[in-house]
Amino acid sequence: MLSGQIALVTGASRGIGAAVALELGKQGATVIGTATTASGAEQISVALQQGGVKGEGVALDVNNAAQVEEVLKAIGEKHGTVSILVNNAGITRDTLLMRMSEDDWDAVMSTNLKSVFRLSQAVLRPMMKARQGRIISISSVVGHMGNAGQANYAAAKAGMSGFTKSLAREVGSRGITVNCVAPGFIDTDMTRALSEDQRNGLVQLVPVGRFGDVQDIAAAVAFLASPAAGYITGETLHVNGGMYMA
Amino acid sequence: MSDIEQRVKKIVTEQLGANEADVKNTSSFVDDLGADSLDTVELVMALEEEFDCEIPDEEAEKITTVQQAIDYVNAHVK
Ligand SMILES: NC(=O)c1ccc[n+]([C@@H]2O[C@H](COP(=O)([O-])OP(=O)(O)OC[C@H]3O[C@@H](n4cnc5c(N)ncnc54)[C@H](OP(=O)(O)O)[C@@H]3O)[C@@H](O)[C@H]2O)c1
């Protein structure tokens, strides 16, 4: 379904990004997954290979503009131009606003939101030329509901939605769609950082009665990346077991 | 027709999907050749690529006709 496509997935070393990378690969795309370290990149290469997927892992810090440029150039030369971008890299620095440092704010804004601006801009030109493309950003239910202790994270994730709608308007006529997938609580390192009590409390909020699996998100991303989703743009697809219904 | 004029016209024709015959020196991208705002941005990017130069936004805004593009390239590209 995605054969001939070249997908770039940021933060593909673990969690949601790793599952997305494999899924896009299984659908036929060549996948470039990024991690912040060389050893993480190597692991991605191995995981892709074991999954029978074409592609490789590369080291990329999304906060490093020069590196973004370099990596995209290298991908272009080695694999061709990126036709599917998945902005997945993200971090949390949770604390109540009363105690939030400017550094907590900046780090989350930069890694989660500015990276989306940076990467999207970097892939846009070839997509415009090709008259096709998919930009999919992993936001969060928290960007829509708010969450105590996550003012920085929620602001960044809500910002993705505004960015996505605007860019969707700009490039719709060029066959490029721009969407978000907003996960609820998914079982990954990010949520394993919560205490057992917190996790049990959270499950009570989910009608489906469980934390989501990374595969639940990967399937949604693969759908939006597919030709079947060509008429969906500027949209946020919520994948949260019913904990929030937009 | 000068080399630069020819190259500019070729890019305009390609980028805007216009008929070669319609691309005259006096043609306005928006009024005569039907470009929208995104087309004009793409056009400027294509000119930058072709002539290996960077056209600042303030300058790009002033390039609205084929002749203006030719003049810009003549003045700024060696
Ligand atoms: N898990 C959830 O319940 C949940 C819910 C809603 C939304 N999300 C969103 O889904 C996305 C993935 O979450 P996850 O749970 O899979 O996270 P995760 O397991 O913590 O993985 C985060 C990924 O992002 C990468 N990363 C972190 N900082 C980076 C940087 N500066 N540059 C490049 N890559 C960087 C990490 O690379 P390294 O391995 O090299 O550190 C890792 O691959 C995030 O955007 C998150 O906000 C998650």
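Keep in mind that glycine also has a Cβ here, set from the backbone N, Cα and C atoms.
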Further binder of NADP(+) named by TrEMBL next to A:G11, A:A12, A:S13, A:R14, A:T36, A:Y153, A:A154, A:A155, A:A156, A:K157, A:I186, taken from the candidates A:N87, A:N88: A:N88
Least Cβ-crowded entry, counting other Cβ within 10 Å, from the binding-site residues listed as A:S13, A:T36: A:T36
Contacting binding-site residues, sequence order - A:G11, A:A155, A:K157 vs ligand 1, Cβ under 6 Å: A:G11
Segment confidence, the domain 'Ketoreductase' (A:5-184), expressed as mean pLDDT: 97
